[in-house]
Amino acid sequence: MTNLVLFGPPGAGKGTQASILKDKYELIHISTGDVFRYNIKNQTELGLSAKSYIDKGQLVPDEVTINMLNAEVEKNEGANGFIFDGFPRTEAQAEALSTYLESKGTEVHAMIALEVEDEILVERLLERGKTSGRPDDADEAVIRNRINVYYNETAILKNYYQKQDKYYGVDGVGSIEEITARLSEVIDELMK
Ligand code: AMP
């Protein structure tokens, strides 16, 4: 199995790249943001409890998110591996993921981060907001809050995976194809 965490601030291009890479490497793509949005659209209990956090650009509580992630992994037994997009976002989530994958006899093999400057992120997200229909992309204050939450709560995970020698940084500015090529270089090396 190959389990990858695609990492980076909101607007770094994780979703775009994950949907290309999942086909290229035959991995299951799990985006916690997409799962939350699906649940909000379908007005499930999970969706209702997550919506108020998401609309403000805050993180959904760990327990809710971790249980949801485990259930998504569980649905895909027999997979070649996973691309986790938007998860983990806290150390508690990283620990939970590690414990869960260990119980399945596997692990996170790498965290690959897309590195993009803040002002480019804000521009990209405002542009995406014109068509994404996401309330959290429509308001610049919420966008800036999401980026702050990333630096205050999530960015520490770089350290967490660096300590395990599993962190790879990739320049996230360029064409979609260029960035896919940079990510593929790292993944090809891991899969050798
Ligand atoms: P994303 O689609 O990854 O930008 O996520 C959109 C929103 O969903 C985030 O701003 C959070 O409110 C919530 N969310 C997604 N993934 C997580 C996570 N791993 N932990 C907590 N909240 C999350």
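Just so it is clear, glycine is given a Cβ too, placed from its N, Cα and C backbone atoms.
Residues annotated as ATP binding site in TrEMBL: GLY11, ALA12, GLY13, LYS14, GLY15, THR16, ARG128, GLY174. Taken residue by residue with DSSP, THR16 (ATP binding site) is part of a helix.
As annotated by TrEMBL, AMP binding site applies to THR32, ARG37, GLN58, LEU59, VAL60, GLY86, PHE87, PRO88, ARG89, GLN93, ARG134, ARG146. A sphere of 10 angstroms centred on the C-beta of GLN58 (AMP binding site) encloses 15 other C-beta atoms.
Counting residues 6+ beyond its ends, the region 'NMP' (31-60) has Cβ neighbours under 8 Å at 14-15, 18, 68-69, 72, 84-87, 89-90, 134-136, 142-143, 145-146, 149, 153 in the same chain. Per TrEMBL, region 'NMP' is recorded for 31-60.
Along the region 'NMP' (31-60), the predicted structure has mean pLDDT 97. A separation of roughly 14 Å, to the nearest angstrom, links the Cα atoms of ALA12 (ATP binding site) and ARG89 (AMP binding site). In the structure shown, the C-beta of THR32 has more C-beta neighbours within 10 angstroms than that of any other entry among the binding-site residues THR16, THR32. Only VAL60, PHE87, in sequence order, out of the binding-site residues ALA12, THR16, VAL60, PHE87, ARG134 have a CB under 6 Å from ligand 1. Spacing of THR32 (AMP binding site) relative to GLY11 (ATP binding site) is 15 Å (Cα to Cα, whole number).
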